[in-house]
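Under the heading transmembrane segment, TrEMBL lists 67-89, 109-128, 148-169, 176-200, 206-233, 332-356, 376-397, 409-430, 436-459.
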Amino acid sequence: MSMTQIEETAPRTSMTSKGDLRAVMTIATPALAEQFLEFCVGTTDTYLAGNCLSAENSVPAVAAVGLMAYSCWMIFVICASIGIGATAVVARNIGAGNWQDAELATEQAISLGMILSLVTTVLFWFLADDYVAAMQLEGQAYDMALTYLRILIPAIPGFMMIAITTACLHGAGDTVTGLIVMTIVNVLNIAISAALAIGVGPIPKLGWSGIAIGTAVSHAIGGLLLLAILFQGRAHLKVQWRGMWPNVERMRRLLRVGLPGGLNDAIVLSSHLWYLGIINSLGTTQAAAHGLAIRLESPGFLAAWAFAVSASSLTGQHLGANNPRRATRATLVSLSICFALLSAYSLTIMLGGDFVANLFLGFPESGTTAFSTSEAVLKILWIMAACLPFYAVFSVISGSLRGAGDTTWPLLITFVGFLLIRMPFTYWLAWETIEIPLTGIALSGVGWGLTGAWIAMLLDNVARMILILLRYWHGAWTRIEV
């Protein structure tokens, strides 16, 4: 079914474009604010690492912060299958007016999350050394990353509860509750990390460990708060302990819908970690520069995520009400706003990225390692700016497909983009010599270092945007059963 056919066969509605805009912004604005707060936390950690530690520790600390940002992302990705399935199933039931089924889906999602979080915590504890070593950080950067991770591991259940409970609330169209809780989490994170990193009054100065403690404690508190809120009841969702007893059929439904999306996120994360390992192999300076570049670009990523949430939630609810026309309009409104915002932010990166990079590093003097790190960031500003509009399209359309329960195609497209485009081009463009394992064969590469790696990222974003648009235009997402 083409998009024209969707428009012709969908039920007519009196909903105006102004109403579509209001619905999108009602969901996206709190989600965007929530992500902005999370950005502030990461930015604070990076600033503290670059400015509040000794000069010889600043660049290794920034490199370690970059890896830890990916590690926090990994924790969320591990439970992504549950969250994605919960969002789609809750949204479809809310749209159809099946409140009890929406509550049962939420309870089973939380139950799955509790089991998974315990398993993940144990595995992380025993594999932490191997994980950091595999990321190819060296010397002091390695030691700092491992210290941070050890402090973070006990808080993994809190991270996962935040991810799963907010996913359920998003499916019900409630992004405000997550915003309120994440405001508390992020204020605590910044306050505790800063106080312990630099020492305030009677609070001891713990330096690097203090930054990690702030992150762990605040997210553990956030997970408990969100669970307490759902037990009290919010957005037609009120969970009870008896509903959390494992129900194989309901869990299977959540995973059937969510597993492809979770695998999609797992492929994205695995490829990013693989990609990060290549960059880390270029040296601590290049690793720190990449971490700063991601920090500069992250507001764009987070904005795209917020509008993907609105597209996902509204698509699921409108399809639950048997109204694909409104699902399409909600997606197009989300896409238009997101594309405009990220295009504007791309221009901001081009004009002010050099100042922000130097701010993170304390405006280093020429000839220092920190100055070399800043110079490496400046070389890739134009690539960073070019990536964002393409990412906006992929993110919002992918979110819409997930809300419809069409999670397999985004997975396949991500697989193609990362494994067939980004990774091969990263090796070729970043390294001067590419050694093929177990063969003794060495191939010549371009040797552009970090710049080459970011060009490969740009090519990947363009390819995935084209493919996801083709899938959406096909229209099969309107017939997915969840």
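Keep in mind that glycine also has a Cβ here, set from the backbone N, Cα and C atoms.
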Interface present between the transmembrane segment (206-233) and the transmembrane segment (376-397) (three or more C-beta pairs under 8 A): no
Chain residues outside the transmembrane segment (436-459) and at least six past its termini with a C-beta under 8 angstroms from it: 275, 278-279, 282, 286, 289-290, 293, 376, 379-380, 383-384, 386-387, 390, 421-423, 425-430
Annotated stretches the transmembrane segment (67-89) and the transmembrane segment (148-169) touching (3 or more Cβ pairs under 8 Å): yes
Beyond the flanks of the transmembrane segment (409-430) by 6 or more, those residues with Cβ under 8 Å of it: 260-261, 263-264, 267-268, 271, 274-275, 278-279, 282, 398, 401-402, 445-453, 455-457, 459-461, 463-464, 467-468, 471
